[in-house]
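**Q** Structure in structure tokens, see below.
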Amino acid sequence: MTDQTLRLALVAHDQRKDDLVAWARHHEPLLRDAQIVATGTTGGRLQDALPDLSIRRLKSGPLGGDQQIGAMIAEGALDALIFFTDPLSPMPHDVDVKALTRLATVYDLPMACSQSTATLVLEGLSRAEGA
Ligand SMILES: O=C(CO)COP(=O)(O)O
């Protein structure tokens, strides 16, 4: 991490947005101290549910938002990617989804695609930040 503030990207596919909002609500105290970027629709859902969070909304995922987050990963501008993917639906922008998860792996960025892993990543990074 480059400074004390966690820099997180939060993204969810449509069938997982309720799960991400519920997860974020549960972890709001930690997320309130983070700088959050999100793809457009995900960010809107999160901001409506949790107005105290600081969220910068990018383009919607299928319209370039996934690629914007990928570029941030390549530039070292993120500490973690929380990406609740939908493993049961075909995506028209599957290539963007794959490119995003691929870059997170290339740069060894902590990435979580489900609630349990997201909690481990958030709590682990928050602990490291406080250490
Ligand atoms: O499609 C997405 C990620 O692949 C998410 O985009 P939205 O948050 O705009 O729905």
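Glycine residues also receive a Cβ, built from the backbone N, Cα and C atoms like all the rest.
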**Q** Of H27, H93, which one shares the substrate site with H13, K17, T39, G40, T41, T42, S60, G61 in TrEMBL?
**A** H93
**Q** Return the residue, from the listed binding-site residues T39, T41, S60, with the maximum count of other C-beta atoms within 10 angstroms of its C-beta.
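**A** It comes out as T39.
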**Q** Mean pLDDT for the domain 'MGS-like' (1-131), as a whole number?
**A** 95
**Q** Quick one: pull the CA-CA distance for S60 (substrate binding site) versus D66 (active site, proton donor/acceptor), whole Å only.
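**A** Between the Cα atoms of S60 (substrate binding site) and D66 (active site, proton donor/acceptor), the distance comes to 8 Å.
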**Q** Return the maximum Cα to Cα distance in Å (whole number) over the record's substrate-binding residues: H13, K17, T39, G40, T41, T42, S60, G61, H93.
**A** 17
**Q** With helix taken as DSSP H, G or I, strand as E or B and everything else coil, how many residues of the domain 'MGS-like' (1-131) land in each class?
**A** 69 helix, 20 strand, 42 coil
